[in-house]
Amino acid sequence: MSLNRFRVPPWRDGGLVLAACVLSACVGRYLTSTVKPVDFQVYRLGSERAFAGGDVYASWLHGLDIAPPGLPFTYPPFAALFLWPTTWFSPGFAVFSWSVLAVLCLALSLHLARPAWADGAAPWQGSASGAGRLAGFGRWPLVLAGLVLALSLSDVVNQHLAYGQINLLLMGMCLVDVARRDDTRLGRWLPRGTLIGIAAAVKLVPIFFLALFLLLRQWRLAGWTLAGAAGATAAGFAFFPEMSVRFFRTTFWGLANDVAFAPEMFASPGNVSVQGAVAFLGGPHWLGTALAALVGAAGLWCARETFRRAGLLASVVSAGVTATVITPASWIHRAVFFIPAVLILYWNGGRGQRRAAAALGAVLFCWCPSLANVLAATGQPALAPVAFVLRFAQQAAELCAVVLLTRLPQMARWTGEQPEPDPPATARRDVGRRDCRGGANRVGGRAHSAAAV
């Protein structure tokens, strides 16, 4: 009997993941229906003003969902060009589409960090037979759909959808960029590193990956990242010359004040950055800056060790976690790289590492900053220690994930299990260089390639 009779339609797994993304976006928006998507409206109104000939940095934005006195546009000028499609549709449809796009980027990022047991085919590709499937769906697409739905209840994703943020889209761009190959038609027309550069021209945080590539001596990636950022910035100058001059001459230097409007907001539990933690403890500004620099340097070292042991994709995820922690103002919805970091730890570690990853993942669902605010507002001395711990839980979890990623092959020793043999340093360097040049990224002994993306 021919296997074609049992061939699974190629659209079924992809349809399952797409349906999960749409449902996740709906759940996220429903759970935070009282919160207005003010960040998305800033993107939309800022782009509208820029294309109408106005200057988005001259005054704060006012409009739908934005309460007085308004909100500032804190992004580079190219962002107004990049976000222009948000103005093409009605506000309601635009917000919904933006939420679905964000969750799709989350699903794509999780797929890139998928475990070794996952089917090598992408979730939108069919299977030649019904083997290894449940109710007609592949094992990994079912897990991926479940993860997407579960993460809609997490603090990071929920707050991201509530405010209409852009971070999941930028993370997807960065991870796709390092996971794809150069020897494809797309790779020849759009070399790897270019998308990261474009993402950095939209929001400055991804420029941290340039430092990582230089540290790893990945000159081609670093060069195309710089070229992508420069080209996108030049496009911003071409479309909005006066606005661009204002941004780089004055606005850029006061971004920290624009993002956190008041000292009490900067020091609030919602700001999970290193500088925000120092401000919460009453430390001086220079101390927060110095500690952020030290954490950034240590994070780059950890990312280099992660690269040597687990490949480029895991290294970029590690650096992404560090980048969000060291920015002056880092609200909870920016911690998107923490999600694939936890999953990489869980998929590829021994028993002890899986337990650690599960504990770190639990932080995602504890809503620590929000709960810390609630407990602190009660004024009860007995609750103060709990509020204090919750205040720093997110930062501690992210920093722990960065450190644990450097020990992926050795974590089994903590539980008495026999670790995998550690290859010689020369072999690690050779494999790592081959991975970066070819687009393959070793996570859990499996290569990610553009064919699987």
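Every residue, even glycine, has its Cβ placed from backbone N, Cα and C.
Here the structure is a predicted model, which means the values were calculated and not measured.
Listed in TrEMBL:
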type: TRANSMEM; residues: 93-113; note: transmembrane segment
type: TRANSMEM; residues: 134-154; note: transmembrane segment
type: TRANSMEM; residues: 160-178; note: transmembrane segment
type: TRANSMEM; residues: 190-215; note: transmembrane segment
type: TRANSMEM; residues: 221-240; note: transmembrane segment
type: TRANSMEM; residues: 286-303; note: transmembrane segment
type: TRANSMEM; residues: 310-326; note: transmembrane segment
type: TRANSMEM; residues: 332-349; note: transmembrane segment
type: TRANSMEM; residues: 356-376; note: transmembrane segment
type: REGION; residues: 414-453; note: region 'Disordered'
type: COMPBIAS; residues: 427-437; note: compositional bias 'Basic and acidic residues'
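Long-range contacts of the transmembrane segment (356-376) within the same chain, counting only residues at least 6 positions beyond its ends with a Cβ under 8 Å from a Cβ of the stretch, are 151, 153-156, 268-270, 272, 332, 338-339, 342-343, 345-346, 349, 383-384, 386-388, 390-391, 393-394, 397, 400-401, 404, 411. Here the transmembrane segment (310-326) sits apart from the transmembrane segment (221-240); fewer than 3 CB pairs are under 8 Å, leaving out pairs fewer than 6 apart in sequence. Long-range contacts of the transmembrane segment (332-349) within the same chain: residues 106, 109-110, 112-116, 147, 151, 154-157, 159-160, 162-163, 165, 167-168, 171, 175, 205, 270, 272, 310, 314, 317-318, 320-321, 323-324, 356-358, 360-361, 364, 369, 394, 397-398, 401-402, 404-405, 408, 411-412, 443-445, each at least 6 residues beyond the stretch ends and with a Cβ under 8 Å from a Cβ of the stretch. Same-chain residues lying 6 or more positions outside the transmembrane segment (134-154) and placing a CB less than 8 Å from one of its CB atoms are 8, 12-14, 16-17, 19-21, 23-25, 27-28, 31, 103, 106-107, 110-111, 114, 117-119, 121, 123, 127, 161, 339, 343, 364-365.
Within its own chain, the transmembrane segment (221-240) has Cβ neighbours under 8 Å at 50, 76-82, 178, 191-198, 200-202, 207, 209-210, 213-214, 436, counting only residues six or more beyond its boundaries.
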